[in-house]
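Engineer: Here it is, the structure in full.
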Amino acid sequence: MRQTVKGCAVTIDQVSKAYGHCLAVDRATVHIRQGEFFSILGPSGCGKTTLLRIIAGFEQPDSGDLTFDHVSVLGVGANKRRSNTVFQSYALFPHLSVYENIAFPLRLKRLSKNLIRERVHEYLHLVQLDEHLHKKPHQLSGGQQQRVAIARALVCEPGVLLLDEPLSALDAKLRSNLLIELDTLHDQTGITFVFITHDQSEALSVSDRIAVMNKGKILQIGTPYEIYEQPATDFVAKFIGETNSFLSTVVSCTAIENEEFMLSLQVPELDRTLTVTADNPIDPGRRVCFTVRPEKIHISLEEPGTTSAPLNVFRGFVEEPVYAGFQSKFFVQLESGAIIQVFQQHQKYLDTGPEIAWKDTVYVSWSAHDGYVVEDIES
């Protein structure tokens, strides 16, 4: 790159958008920092694409404000904003070559032929398509077509690049490779990336921060670590990755060291109480959602011994073992009838005894520090 492009800071302030009686975006507020790789993550129909279209200028909000670098762009047409969009469908001109597709927006700006040539070759090199400049879109693979679409969106050097689920039409391996390339492009250009996806692994692997949406609302904004390890609502806990969640009632709350609190929870589905640490005190009697990730649960054929840290131990049997490459997934039915999911590397890699098999009686356990309590119960 000749020089790093200055990305835009984007602020969405109390933005709402309805289609008839359907509220697609409900008072969304988020500040996207200059040069950030920011993902908007949520299930189909949650409003994330509508929000992206509002940023792009394809839709106008019913209320609220939208600013680029602290200047409102409401009423400013899509072609006048410092943003470009990469669509899921690529939207390439089938009769134009790779070179001509990328050059098209520069020609609309009436730049000189020399500058167009220089800029197109620069971005062709950036997306590793130097050898394909004379090919038509139908002569390219899906991944190559998507690279052309990305180069065309970047060649005008916008302040914001909007990516509307750009990888969803590609196979898993190609998605993984292009995701790495997108992250590299972001680092090389300095442009603000706003990435729309329903795929949690995509968002977690490349984002500086993530906004999780559901039913038109932004439920949580945070780093990938915060979203995964410290979910703000039970929906976020269940939607991001896989987890075991149980509605619970706080029985007691005791202050412990390191400014933490030890909670005792009554969990009807498990038919007993369990312990979990929390950063903040929670009043006894409060209904909460307890969650523990499958990879944080230990599974064994023998009952665990006593430990210095409080340990939650349950007995059950393996209802279904699932081979998943480097690890196994176990669905364990506890004595209460509840099902708990456990992830563990294969026993042969761990060298900790015989493989656990279907119908084996097992013990599942986790430390009080490995669970998490969510106070905001949405679902």
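The backbone N, Cα and C atoms fix where each Cβ goes, and this holds for glycine too.
In case it's useful when we look at the structure, here is the feature table from Swiss-Prot:
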- GLY42, PRO43, SER44, GLY45, CYS46, GLY47, LYS48, THR49: ATP binding site (BINDING)
- 10-240: domain 'ABC transporter' (DOMAIN)
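Any idea what these are sitting next to in the structure?
Structural biologist: All chains included, 8 other C-beta atoms sit within 10 angstroms of the C-beta of SER44 (ATP binding site). Secondary structure from DSSP puts SER44 (ATP binding site) in coil.
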Engineer: Would you count the other CB atoms within 10 A of the CB of GLY45 (ATP binding site), including those on all shown protein chains?
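Structural biologist: That number is 14.
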Engineer: Find, among the binding-site residues listed as PRO43, GLY47, the one whose Cβ has the highest number of other Cβ atoms within 10 Å in the structure shown.
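Structural biologist: Top count of Cβ atoms within 10 Å goes to GLY47.
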